């Protein structure tokens, strides 16, 4: 066993060397001594000076080349086992491995040698001979892995922060919407509180009246008590006077007996008796007055009792009214809940419409961008055509000069051999393509190459395009499984050439409709205008599935038989063509595949879509395409079939525009005729009325003239005055008729102007409708693409909103149940308190106060519930 060189709190031990064979799995042993937990430590494993594995704070980082092959035994870390497990041993894995454990300021190291079919390598000897430079290299390598680990953690944190920010934005939007709903509900609650305040004010006014009446009754009771006290004092005075009279009687008797003045005393006594009788009479009168007042008080008390009974009845009626209002309040709560649901549904509808409008606006913007791109491409195309015409004229002049100098008259040219490393060593025969370009040959040097990628789904078109351009342009991965939905154009500078690549979808699919294929062919026409230099037919190097026959037939249907003179077959593979050559693959292929190769003039190229570092395969492919272009009589392919696709689209658009214009003119003509007819009918009707009034006016004029003549002839003054009055009446009638006629003429003129204005407005509305129909038709074509995804998103959003609304409604129902329970308890307490206060004689005032308290608390509970 080899021990580490540092001995402090713990030691690190390992074996000197281990042995393994290629392809096996081996464990490089290393343990802490004594057995302590290594979970909180930093563990580094080096191969020589290169750090291949880093464990820190539970995070693991592996060096490139060792990913998925090295790992610790995590369940053994608690027992101090920091051994490294190495899988899939390779011959290059042999060497010395160093384990480094760091805990705080302490750092321990141990080494173990790995032997792969060779002599043993001593780990301890390596550590003894290790130089300071090797240690620094190991530290630098470990620092690289730690930096990589920190970068990954930072990337993960950035993604989490972005997700949290998106969630925060969504929650902020929801809170704003709920705040808006809360404001609406608060406004409703305030309105209800205002109504309750009005009712409370009315009750308080009645309470004030009741208090005034009670105060009057108390005042009367106080006056009655004061009078009772006065009567009591008078009774006491009378009793005292009686006592005094008795004493005086005794004195008088004594005096009569003693002094003999009986008569005088009797007289005095009579006088006093008379006074006493008067006083008694006065007392009787006062008693009668008191009794009368007491009777009046009894009547007042009876009236008061009646008033109290009436007030009790009114309070009972008010209780009934309050109960009715509580029922109304419950019904209004239900109505508020229903209105809230309706508002929520309308809000959802408005949001859906807003989303649709936003989607349509985005689609219109995209279409404007596409139109702008097409216009730019058309401008570039026009410039390219001018350049091509200039170059063709120049080449014609050069060739004519060369033929004059050399005396050459032949129009045929020898074929050029293909240069290849991965391509087939085949010589293409001369092929004539269909073209509208000049028949004279051109220079083999092409400054810009336009290539169209064709092939079935899974053949690797997009991956081949990415490999040719040297970057990701047609998909996130260079994988044959990538699927292209519509034709795409990408440009780039490759090997000193300006390259234009057009990736097409699977036009050879049996389920593809003719209309869809024509639409995408038209798009490809615009993307590769004025025409492609070559078609790259992509075929994967894998066992045949019998699809070559469909490719052969569809190629000739779309582009004509002349397209084969511009076709290069591109055989794609991802390191799958190792021991088998392309010639073996073609010989083992189907007869349809061999016919495809024969049709394309035996032009083919092998492309490894995984090996982008191998730059010669792309340059050889472009050289082969240029040689093919030089060998053809035309620079690029522009067959009649290829051009007819765009012509047909333009013809259909023109036809639709013509039909729309004819229908528009026809409807405008019908509308003008209808409005003209209505105008004529109205004018004829008004003319008839005017003629009738003119006849009446003429009759009145004749009658006026006759009356004037009679006035002149009549000599009797009375008859003359009568005739003058009749003449004045007739004149007034004629003036009235003339005014009516003038009003009719003004009315006819106004109606004519209104008809013309309405006619103009209807024509403008019809024109706007036609323009709207044109926009809607264009939007409908765009919506065919995005509508399924939009509907799916709408359904998902609607489902989430329904779930959230159901959850909120459950919470509101629970809150309403709690509110009902609280209200029930308050009503029970109210009834008990009312009975108790009625028994104590203070029911009226306490009942009113309690009802006010219930209303105030009910308002606060309702507000809390609505919130």
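If you go along the chain as it appears here, the first residue is 1 and each next one adds 1.
Note: Cβ is positioned from N, Cα and C throughout, glycine not excepted.
Between the stretches 215-247, 248-280, 281-313, 380-412, TrEMBL puts its region 'Disordered' entry on 281-313.
Matching 121-162, 163-204, 331-372 against TrEMBL, the residues noted as region 'Disordered' span 331-372.
Annotated by TrEMBL as region 'Disordered', the relevant range among 642-670, 671-699, 758-786, 787-815 is 642-670. According to TrEMBL, the feature region 'Disordered' maps to residues 709-739, out of the candidate ranges 709-739, 833-863. Among residues of the same chain six or more beyond the region 'Disordered' (281-313), those with a C-beta under 8 A of the stretch's C-beta atoms are 210, 213, 217, 220, 224, 227, 231, 234, 238, 844.
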